[in-house]
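> Provided herewith is a single structure, encoded as structure tokens, for subsequent inquiry.
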Ligand code: ASP
């Protein structure tokens, strides 16, 4: 028999949790005493990983940015495009969650361990990013400080001669790989974790808990469409004169692959082909901008984190200050650099965004049950952002050679379809 996919299992965990929660509606104490600990254990396992995972993966991510200096101007343009559009995406996410209010109507009390951090002003938030003592930041789990220090380390390492930097980078590559392995193991327990956390929530709140989740899906999908139309299509039109319709038609093979595989890394070969054949972007630009994008550019993921962070704040009745929203934008934008372009990578990074403003990690499990549905949309946006960056940077460098407006030949089209099919069957 074919092995069941993890996503299916998580979904079953969610459904079973809702069913058991409904049965226990009259007896929430039983749910809290006997079932909740399973969920708490799962959350503790995730917490265990946060600091080493973000620290090592960001050092490695930043080391790949370090290569930018070899490409000078092109590197600068690419990085600026990625960071600006990502920051914009989180802002859209926060904005939509403020309008949709997906968390309204569902109230979960904050448990003893997680409380919102004391509010600080935006200026202090910025000043605090630079750790006076980086080890203290690491020990205390101060996310922005850890991110800042890791970025410095990664970029510092790449400015050394290779023989000096390589042992350091290799060590953290290895740490990051180990952390991903452990993440994989912990995620395999997610169906039970989701079950353990959803039962007490449904036992106390009833089936009404599902409506907010549908609203989260709505907010993320609407946000993704806005990000594509307002940010990517508009910049592509502005810099390269390509009409939004032609842009959307051209990106289809890569977007469809991303949607079905939920992995920007897995989509990379199709992205490279798509950008060269449908838009005529040169090899030089495509081979730099796209792999870098698959590693560090996650507009869709950040947008999703904005929506989810606010949703969780609403559910737990926590009012976020302006400064905390600023922290979310910063953490999600920089955290994207360390997010693995694999299915579910963004869910792990969501824990970092939540931690940065002291939101309860228990909120993660509400999201975990529907995460794959969100992952499909956000991965497509991540990949579309990479493609848009290639076109924008390519046009500004006069590195687009394909006669604009020329349609791909039917043979190329058929080949791409075959590629999409084979990539899809890997998922
Ligand atoms: N699946 C996403 C990607 O590969 C990452 C995420 O989970 O947000 O781009």
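Note: Cβ is positioned from N, Cα and C throughout, glycine not excepted.
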> Pick from 6-29, 78-101: which stretch is listed in TrEMBL under transmembrane segment?
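In TrEMBL, residues 78-101 carry the label transmembrane segment.
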> Ranges 105-123, 124-142, 143-161: which does TrEMBL label transmembrane segment?
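Going through 105-123, 124-142, 143-161 one by one, TrEMBL flags 143-161 as transmembrane segment.
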> TrEMBL lists transmembrane segment for one of the ranges 209-235, 236-262; which is that range?
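The listed stretch tagged transmembrane segment in TrEMBL is 209-235.
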> Could you give the residue numbers and ranges of same-chain residues that sit at least 6 residues beyond the transmembrane segment (209-235) on either side and whose C-beta is under 8 angstroms from one of its C-beta atoms?
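Those are 18, 81, 85, 88-89, 92-93, 96-97, 100-106, 198, 201-202, 244, 247-248, 299-300, 303-304, 306-308, 311, 315, 366-367, 369-370, 373-374, 377-378, 380-381, 384-385, 387-388, 392, in sequence order.
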> Can you work out which residues elsewhere in the same chain, 6+ from the ends of the transmembrane segment (78-101), have a Cβ less than 8 Å from its Cβ atoms?
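Cβ under 8 Å, 6 or more out: 65, 68, 215, 218-220, 222-223, 226-227, 230-232, 235, 288-289, 292-293, 296-300, 302-311, 314, 325, 328-329, 332-333, 336, 381, 385, 388-389, 392-393.
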> What stretch of 182-203, 288-313, 320-342 shows the most Cβ pairs under 8 Å to the transmembrane segment (143-161)?
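Checked against 182-203, 288-313, 320-342; highest Cβ contact count belongs to 320-342.
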> Examine the transmembrane segment (288-313) against the transmembrane segment (320-342) and state whether at least 3 Cβ pairs sit under 8 A, considering only residue pairs 6 or more apart.
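As far as Cβ distances go (cut-off 8 Å, pairs 6 or more apart), the transmembrane segment (288-313) and the transmembrane segment (320-342) touch.
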